[in-house]
Amino acid sequence: MTQEKAYFPALTGLRAVAALLVYAHHALIPSIGATPFGFLGQEGHLGVSIFFVLSGFLIGARYSNSFTNISLAETRRFFLHRFARLYPMYLLCTIAALLFRHDVRGISWGVNLLMAQGFFSDLAFSGIGIGWSLTAEVCFYLVAPLLLFYLPRLGVAGSVVAVVIIGALLAVAGNTFLAYGFIPDWHYFLRMTFFGRCLEFCLGIWLARHLLRMSALGLTTRVPDGLWTYTSALVLLGGMLFLNALPRLFPAYQSWLFLGTYHVLLPVVIAALLWGLCRETTVLSRGLGSRLGQELGKGSYIFYLVHYTFGFDLLYFHVWPNRGGVLLLLAIFSVAGYYLLEAPLHKSIIRAGAFTLPLKTKPL
């Protein structure tokens, strides 16, 4: 596998699973706690963590060799591709959501259009409702060239510590001078911002670099096929059960135990799952890499954007109070939207931006 051919079908399908977990979390089915698998819905927020580790992995797999040196041309090209990938559909969905919610506040429009709502606790769930997580994603994109350059030198731990220190200084300064609940406390800092979630992105980058290096050297792992995939999947399920039981098992320590499990231990397990899906041929990897998995994975970004405001606030509460039916409609709409809107807009922006970028040259 070369960096130019860094495509992993099973990971595209995994995006659909992550989006489905988030949907289940927001569905808030009243009886879900009484079902044997109710914890999957209650702890479906783990889908966000999967997205973050995946994002770091894919950026690392595609761009690691582009930032062995800090290059203005490569940085501009990287930002163009990330903008084309993230913003067009976000902009359309955000404008529609703000109009649907009759939100006429200037500050709300400003932070949502800038994808900065995740910094403000009073505005974090405005617009499309889940935009706070995209604020973290944008922050990652902004520093990704630096992470790709410095992570091999500082390591994962050093990179995370550097990001957390810088983020803490920004949080203290911003909280002093800005209103609307700008990063109001450490709990918010750790759960809702890139600075507190940077380990997930850094683990993804490290895993991608390690995988590329092993592939380049022709190295293989001497473990039974499926060991990484199924062990990590079972540990993830166990972790979700543990998170679900925390309020009952350790009520006095549930906050810090949650943070340690959700933001440190489970991201490592997610990275192990990605490793297995990339290196092993299993029933799970074949299923995620199937035609259905690919199509649902391609539509997962639109699905994620629309499921909260338009799936629940509009369809479920005003049109069709059937969560399964809404899920099916959203899946069909999202896949169609990928082919009719997302992919064409992405190609058009890349094509238009290519005229303003310098020619890509190889170093002498």
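Placement of Cβ uses the backbone N, Cα and C atoms for every residue, glycine included.
Residues or ranges marked as domain 'Acyltransferase 3' in TrEMBL: 10-338.
Feature annotation from TrEMBL assigns transmembrane segment to 7-26 (among others).
With a cut-off of 8 Å between Cβ atoms, the residues of this chain six or more beyond the transmembrane segment (46-65) that come close are 3, 6, 8, 11, 14-15, 17-22, 25, 78, 133, 136-137, 140-141, 144-145, 148, 197, 200-209, 211-212, 236, 239-240, 243, 262-263, 266-267, 270-271, 274, 304. What TrEMBL lists as transmembrane segment is 46-65 (among others).
The transmembrane segment annotation in TrEMBL covers 86-104 (among others).
If you look at the transmembrane segment (124-148), the same-chain residues 6 or more away from its ends with a CB under 8 A from one of its CBs are 22, 48, 51-52, 55-56, 59-60, 63-64, 66-67, 70, 74-75, 78-79, 82, 86, 90, 93-94, 97-98, 101, 103, 108, 111-112, 115-118, 159, 163, 192-195, 197-198, 201-202, 205, 304-309, 313. The feature transmembrane segment is assigned by TrEMBL to 124-148 (among others).
Taken from TrEMBL, the feature transmembrane segment covers 160-182 (among others). Long-range contacts of the transmembrane segment (160-182) within the same chain, counting only residues at least 6 positions beyond its ends with a Cβ under 8 Å from a Cβ of the stretch, are 107, 111, 119-123, 143, 150, 154, 189, 193-196, 198-199, 202.
What TrEMBL records for 188-207 (among others) is transmembrane segment.
Residues or ranges marked as transmembrane segment by TrEMBL: 227-250 (among others). Non-local neighbours of the transmembrane segment (227-250) in the same chain are 38-40, 42-43, 46, 221, 257-258, 261-262, 265-266, 269-270, 272-273, 275-277, 279-280, 282, 284-285; each lies 6+ residues outside the stretch with a CB under 8 Å from one of its CB atoms.
Among the features that TrEMBL reports, transmembrane segment is placed at 256-278 (among others).
The transmembrane segment annotation in TrEMBL covers 299-319 (among others).
The transmembrane segment annotation in TrEMBL covers 325-341 (among others).
Contact counts against the transmembrane segment (86-104), taken as Cβ pairs under 8 Å, peak for 299-319 among the stretches 7-26, 188-207, 299-319, 325-341.
Across the residues of the domain 'Acyltransferase 3' (10-338), the predicted structure has a mean pLDDT of 92.
Across 7-26, 188-207, 299-319, 325-341, the stretch most heavily in contact with the transmembrane segment (256-278), judged by Cβ pairs under 8 Å, is 188-207.
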